[in-house]
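Undergrad: Just passing along the structure, written as structure tokens.
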Amino acid sequence: MTRAILALNAGSSSLKVAVYPETGDRPLLTGLADRIGAEGKLTLRDEGGVALPVAPGPLTTQAEAMRRVIESLRIDLPVAEIVAVGHRVVHGGPDRDAPAHIDDALLEELARYAPFAPLHQPHNLNGIRAALAEFPGIPQVACFDTAFHRHHPWVNDTFALPRAYYDKGVRRYGFHGVSYDYIAGHLAETAPHLHDGRVVVAHLGNGASACAIQNGRSVASTMGFSALDGLPMGTRCGQLDPGVVLYLMEQERLTPAQIADLLYKQSGLLGLSGLSNDMRELEASGTPEAAQAIDYFVFRLQREIGAMAAAMGGIDALVFCGGIGENSATIRARTCERMGWMGIEIDHHRNGSHARVISSDLARTTVMVIPTDEALVIVRAARAAL
Ligand code: AMP
């Protein structure tokens, strides 16, 4: 049998999986159970991206998705034995700054943070429970999206509210930490002079945030208490005057659940365009509303890159990652326009060919495209637990 590590990322209606060999950084298999519920669909691919057969069965709950993934692994990787499992967990609370071994006490602790991330944490925990049931007795670890930011300075950890709320956990946690951890580690290996400098990373996917990373550590980030703050996202609003929420409650008479739905699911690119949360569709569409949604996305991103650089007293590198950051040359080019004052100037040929370094040779600030790999960070944490 080949010893293998399983990385899992359980969301509200999805389960992302990746299987890696015990040593080595290339996955044997990656996959996604999508739209878990009535229309669930499971797709698995081999190392080369070729679709693999999947076990038949329902996909209406997270537990069923887990079972079907595991049955499919028996078909697709018959000689693999899963020896450790790593899980992505959105919230590790105020103190967790590193991956943690999963046991009953940790599950109890993490359940206490569910009110901080009600749309993600309960699903992450359901995924863990399903995996504990399927893989009893092997080490399982949790990797937290908040962990990478836990040592950012106090001024970036707090809001200007009465201190009692800070003590109750109302803090700026920051998210996407698993992705930032990967980028910081990648820079340490491939460009140590940049890792030791001041780097702004723009993680631009369906969820989006930017992070100021100095000497490999988070100094500031655009997401705060929840994954709503900062940049506009596919369906999330990004930065919002809290007075808007008061207005929605008092004048529009929206309930907390309606406001949550509005801010998490109906806003961002979807809300502004009235068309789609998907950047590819907006770029292709050409409606004035889609164009304005992209204008807003780029404008807020430029603002936040400036803010992140200011938090470090300057910038040595700007890194794009995430589905939009890695694939949209247009968004990268537009973001870097009028950024010469920060030493940012891109080479359009390099940008168009998605080169790793897309800045021009004479630019003071290196601009890079680095495909992020959250699964690898999770796998490395699980390996360390063996
Ligand atoms: P992620 O959440 O990291 O998978 O990123 C999803 C986002 O990336 C969606 O908005 C996609 O439209 C966007 N995306 C993926 N490929 C492209 C592309 N070639 N051009 C523009 N946006 C893209």
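From the backbone N, Cα and C atoms, a Cβ is placed for every residue, glycine too.
TrEMBL entries are annotated by machine, without manual review.
Heads up, here are the entries from TrEMBL:
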type: ACT_SITE; residues: D145; note: active site, proton donor/acceptor
type: BINDING; residues: N9, E374; note: Mg(2+) binding site
type: BINDING; residues: K16, H203, L204, G205, N206, G207, D278, M279, R280, G323, I324, G325, E326, N327; note: ATP binding site
type: BINDING; residues: R88; note: substrate binding site
type: SITE; residues: H176; note: site 'Transition state stabilizer'
type: SITE; residues: R236; note: site 'Transition state stabilizer'
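Situate these features within the shown structure.
TA: Taking all protein chains in view, 28 other C-beta atoms sit within 10 angstroms of the C-beta of D145 (active site, proton donor/acceptor).
The Cβ of E374 (Mg(2+) binding site) lies under 8 Å from the Cβ of N9, R88, V178, S179, Y182, each of these being in the same chain and 6 or more residues away along the sequence. DSSP gives E374 (Mg(2+) binding site) a helix state.
Secondary structure at D278 (ATP binding site), taken from DSSP and collapsed to helix, strand or coil, is coil.
DSSP assigns H176 (site 'Transition state stabilizer') to coil, not to a helix or a strand.
For R236 (site 'Transition state stabilizer'), applying a Cβ distance below 8 Å and a minimum sequence separation of six or more within one chain yields G207, A227, L228, L263, Y264, S267, G268.
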Undergrad: Between all pairs in K16, H203, L204, G205, N206, G207, D278, M279, R280, G323, I324, G325, E326, N327 (listed as ATP binders), what's the biggest Cα distance, rounded to the nearest Å?
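TA: Farthest-apart Cα atoms in K16, H203, L204, G205, N206, G207, D278, M279, R280, G323, I324, G325, E326, N327 are separated by 22 Å.
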Undergrad: Within a 10 Å radius of its Cβ, which of these binding-site residues (N9, N206) has the fewest neighbouring Cβ atoms?
TA: N206
Undergrad: Out of N206, D278, R280, E326, which binding-site residues have CB atoms lying under 6 Å from ligand 1?
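TA: Checked binding-site residues vs ligand 1; flagged N206, D278, R280.
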Undergrad: Round to a whole number and give the Cα-to-Cα distance in Å for the pair R280 (ATP binding site) and H176 (site 'Transition state stabilizer').
TA: 22
Undergrad: Run through the Cβ atoms and count how many others sit within 10 Å of the one on R88 (substrate binding site).
TA: 23
